[in-house]
Amino acid sequence: MPLIDKLRERISRAFYSHGLLCASYPIPIIILTALCILASCYPLLKLPLPGTGPVEYVTSVKDYSPPPLEPNPEDHSDQPDWYVGLPVAFIQQVLVKAVVSPWDKDFLAVDVFRSPLSRVFPLVEEIRNHVLRDKSQEKSLEDVCLQVTDLLPGLKKFRDKLPEHGCLLLSPANFWQNSQEQFSSDPDLIRTIHQHEPKTLQTSATLKDLLFGVPGKQSGVSLYNRKRIVSYTVTIALRRYNATFLDSLRSRLKRQHPSTNSSAASQHIVHVHFKEEIGIAELIPLVTTYIILFAYIYFSTRKIDLVKSKWGLALAAVVTVLSSLLMSVGLCTLFGLTPTLNGGEIFPYLVVVIGLENVLVLTKSVVSTPVDLEVKLRIAQGLRNESWFIMKNMATELGIILIGYFTLVPAIQEFCLFAVVGLVSDFFLQMFFFTTVLSIDIRRMELADLNKRIPAEACIPPPKPGAKRYDRQPTLRPATPHTITLQSLRNLRLPKRLRLVYFFARTRLAQRIIMAGTVVWIGILVYTDPAGLRNYLTVHVTEQSPLGGAVMPPIPVPVLSASNPHGPLSAVFPTGSSQLLENQSQRDSKEVIDSLSSRIWEESHPEDKSKERAAKIEDKAHTQVTWGAEDEETWRKLSFRHWPTLFSYYNITLAKKYISILPMIPVTLYLTPQEVSDARHPQEAQHSHPYLQREGKPDEAWARVEAKGAEKPTENQTPADVTLYKVAALGLASGIFLVLFFFLLYRLLCPKNYGQNGVSHGRRKKGDLPCDDYGYSPPETEIVPLVLRGHHMDIECLASDKMLLVSCCLAGQIRVWDAQSGDCLTIIPKPSLRRESSGVFEYQDNWEPTPECKYNPEESLENGYQLKRRTLHPPLFSDQPDLTSLIDTNFSEQPANEESGARQRLSCIKQESPPIGYDFSSLVQKVYEEHEVSSFGSFPLVLSPAPYGQCQLSSGRRSQTPAGCVDGSCARRKSSTEETTGYCNGSSSPAPSWTDSFESSVWSLGLQGNLIVVGRSNGNLEVWDAIEGSLRCSNCDGQSGITSLVFLNHRVVVARLNGSMDFYCLDSQKSSNQLQFRGAPNRSNVPSSPLYSTDDVIGCQRTHTVACAHRKPITALKAAAGRLVTGSQDHTVRIYRLEDACCLFTLQGHSGGITAIYIDETMVLASGGQDGAICLWDVLTGSRVSHMFGHRGDVTSLLCTASCVISSGLDDVISIWDRSTAIKLYSIQQDLGCGSSLGLISDNLLVTGGLGCVSFWDVGYGDLLQTVYLGKCEDSQPARHILVLDNSAIVCDFGSELSLVYVPSVLEKLD
């Protein structure tokens, strides 16, 4: 077993055991969880309610004056309301950057910061002693600074570190009481600086941050400081603003400690206003969010039937989320983490989102389990189903947090610390508290259901003991199977609120969005934060990488002389470092001219150049101090609690007040190696290791390179620095990481078969509860369908038009049904005929056939018997007019005539009527004049082809009896109320008779109005009257079987087996009488197709013939929107114009024969073939729009909606595709043999067939809405074909029977 599977199995087993534990002992677990919550929230008792971050307002330094005490109502500027009166203090910071230059390889790691820190004492003394001498007075720092008194009583440990009873001036010198002697005698500076640091994690202001004035990681006080630059500030709090004094102090410090490449462009004063710490109003959005959360969960769970207490579950969810927030903040406070502006405000809302989604996931998983299981098993199974996904999401989130923490960006690290605590606490509460509460609620639901099911007798108290009575007790009724009705079920489609809930629970969209947003946020901060990766790489490359190298000459950079750092600038040309271009642009013109002149002088004196290079062996590398825009507002990198914490030590509150932060004063200090040696403590040489000894001593490499450069001064050598290679490797690693990250994100968000094989859940089976994604099994019901019986063989063809349904079986019998009542209206041929195995009809009695053609009309007409097959020969009197319409065939009250058929017929014609009888002369004369060919029993109807292939039959009154076949001739049997005459114009060549048609199979069928068009295997095309069962027209020109036909309006197009097509037009010689067939009695449905009267003479005129439409048999034929589309075994699809049979396009795109075609009035064309592919085509241009592979066999049927394409195949799979993107949305696995049984009731409702059942699906969502079983399922047959009627009914083909099923009304309303 693979490692992943083993891990997954162990996780599932652990969650299953945990679910059993929570459901078995709910009360102890809830009590234990409550104690854990209270213990975690205990630190919150000492924490005030969180306020909001400070607000800033910026003004210019030039002409600054403090605002008035009261706001001016006439002032319409944009200054805030709080900007009134003097601030609590004006903060002036002197930012110091100190570096040892040049650096010697023998220096210790502690030398990086000991000597720079030693310079803070004279700097502080210089600031304290600065005096501004004016004409009339002198002003010192004591006159303008903020005077403070004692510290708070609880800060005794800070008494010797923070100033008291004097100016509020802070610097690193406060660690040693501003005494340089204590500093020099301190053997361990790191221990002294960190002795008051909290042992726990801390993000708020610490003593080190207060005194250094910069974040601890940027101070450079570390044994592994590769930059060798130490930064700290001297912070001065001023009581009033004196611009003259501050300008003089700035000028003096710049003069004494010049910062040559510092722009100091900031000329603004930032006023920072701090809101009230306890802000109840600030908590209103968060409280509102939790109220909305409670209401949303309640209204969502109202639609979940398996939850007993909706209020209780919603309350438990809110308590879970709120407890998770409180536990997170409490644990963070316990470990020294306090919410800050960046992480604290959004954190409660992230907890709400993540907690809500986890609640939905657990609820959905548990209520999706089978209801017949025990409660603890349901809880355990629900947890097991979601265990892998919960742990996978948890691991992904922790991995992202871990990566973010090691970016070393303070804001990201702080957020990651909060996120870890929040995720762990939320996971704890979800697993222990909410799961246990959910088990209690489901157990209450189960008990309530049991109480409802207890019979009334069980509630009767037991009788009192007394005399035994032996009366007969009534037997209990056995449990009988019941039918689930739609009224007792929940809504077939889930409500929108639950669909949204389960959508978030199924996809975990919120957590994935948060994870993606966190990654993007971390990436942005890494590359934009002043302390981020971008600045690190810039400084690192600037300090150690030779830009240009051998490609371009090194640009001279002026630096301070090592012997005299305070003296004038001298041009020194370091070969091991280059200056940033922006720093070079900041030099004055004099420096550039001096550099260029020095360069020219060096080129003209190569001997001096060699000497200078030899001297640089000792001066290994100068570290240049750079100043950037991020240094102008270093205070922004501090915690927003920095200033309130500082002033709170002196009992000064900043709530509802503001402070003004002045532009900083830059100071650059360069320390010589001699100063480093003088400041070193004797004990440090024994305990400290050389600088960067563990990192490979890069300075030795520099020394070797410089030595080689001195030996070969004529060669342009570049120091062997690998920083560029490190940067390149880091960039390559970042690129690989991004590629892998986006790949994993793709695999996480997108399914494995995205764009090819549909969604990840694959095929949906009815047995596997296809609605499991939403937690519900589809409702099932059983109804008694309207069964249409009558066929003795399997049904092969089905057709419908409005209220009529036509079916044809393999025996060639055509039946016309009423789609509303299920009554059989007409049988073609008549029900008294049946076909032998050879295909010819015979009598159903036992009279013996004779080898000769003899016929007794009275006997046949009276008894309605069928003839057996006899030898075909020309009938008698075939050249005489048919006078059968003159015979009264109502023999029910007359004795049968025993004479022979031929003599009786002749005597009936020649017999003169009695004087008192009826005169038939006028009627006989009319018959002779019309020259109609007899269609009576033994007289053949010669259907010779006309010059244009026209053949006509005229029917008289309405037929009541079916037609029969005698001796190979087609005839119709009449009653007294009917007379029929036949007419066929054309040549005298014999044509096939009706019996020939009956002996051939029906290959295709079409119905429109009251006309049925039949295409037979022998090539004959017949038009029948669906109501009377009479043949209205027949065309016998075809020599090849009709594989398919289209009956559209008055046009009939037939496709033949040899690949040809014939276009016919149906017309009538009389005006059409648009009768309205109303189906069965008491029906009022009117079909839209034209209905012809029995008096109409229907003509079938062939208008066009396409001799070679395809090179192989035509297997598919569809017509719509004036276009005719054909598909053939030659792998092509052709589009014809219906009106003139003109071929417009030949479409090639299949590698197999075409098996299915779909086209509608919107000219949407789809084709499917034996290769299992589906192609979508543009009918107007003939181009292929999309190509989809979705079946392992032939595509049997195609359907299209406005947004989907539905295909089915021989693999018994129904695939639903997105029409615009050609992406498979989902698949439906059908029962064996039911792959092609599907139909569209509407664009949103699909019906499919199964073993003795039909199922209704939501096309848009793939939900199984309902399964309807048609009778018993033990001996059920597969539904092979489904035909959707216009009256909200469907017809299912179950072998030789048809089942008429009406769509449930709930589904109609749903659609």
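Residue numbers in this text run from 1 along the chain shown.
Glycine too: its Cβ is placed from the backbone N, Cα and C atoms.
Around Asn242 (N-linked glycosylation site), the same-chain residues at least 6 positions away in sequence with a Cβ under 8 Å from its Cβ are Leu132, Lys139, Val144. DSSP classifies Asn242 (N-linked glycosylation site) as coil under the three-state reduction. Among the features that Swiss-Prot reports, N-linked glycosylation site is placed at Asn242 (among others).
According to Swiss-Prot, the N-linked glycosylation site annotation covers Asn261 (among others).
Summarising the annotation, Swiss-Prot assigns N-linked glycosylation site to Asn583 (among others) and lists sequence analysis as the type of evidence.
For Asn651 (N-linked glycosylation site), the same-chain residues lying six or more positions away in sequence with a CB closer than 8 A to its CB are Leu152. The N-linked glycosylation site feature in Swiss-Prot is assigned to Asn651 (among others).
Annotation comment: Swiss-Prot describes 997-1034 as repeat 'WD 2', evidence class sequence analysis.
Feature annotation from Swiss-Prot assigns repeat 'WD 5' to 1149-1187. Counting residues of the repeat 'WD 5' (1149-1187) by DSSP class, helix then strand then coil, yields 0 helix, 22 strand, 17 coil.
What Swiss-Prot records for 19-39 (among others) is transmembrane segment, and it gives sequence analysis as the kind of evidence. Long-range contacts of the transmembrane segment (19-39) within the same chain: residues 323, 326-327, 375-377, 379-384, 428-429, 431-433, 435-437, 439-440, 443, each at least 6 residues beyond the stretch ends and with a Cβ under 8 Å from a Cβ of the stretch.
What Swiss-Prot records for 278-298 (among others) is transmembrane segment, and it gives sequence analysis as the kind of evidence.
The transmembrane segment annotation in Swiss-Prot covers 311-331 (among others) and rests on sequence analysis.
According to Swiss-Prot, the feature transmembrane segment maps to 343-363 (among others), an assignment based on sequence analysis.
The transmembrane segment annotation in Swiss-Prot covers 400-420 (among others) and is backed by sequence analysis.
Residues or ranges marked as transmembrane segment by Swiss-Prot: 422-442 (among others).
Annotation source Swiss-Prot lists transmembrane segment at 513-533 (among others), citing sequence analysis.
Here Swiss-Prot flags 724-744 (among others) as transmembrane segment, drawing on sequence analysis.
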When secondary structure is assigned with DSSP, how many helix, strand and coil residues does the repeat 'WD 2' (997-1034) contain?
3 helix, 22 strand, 13 coil
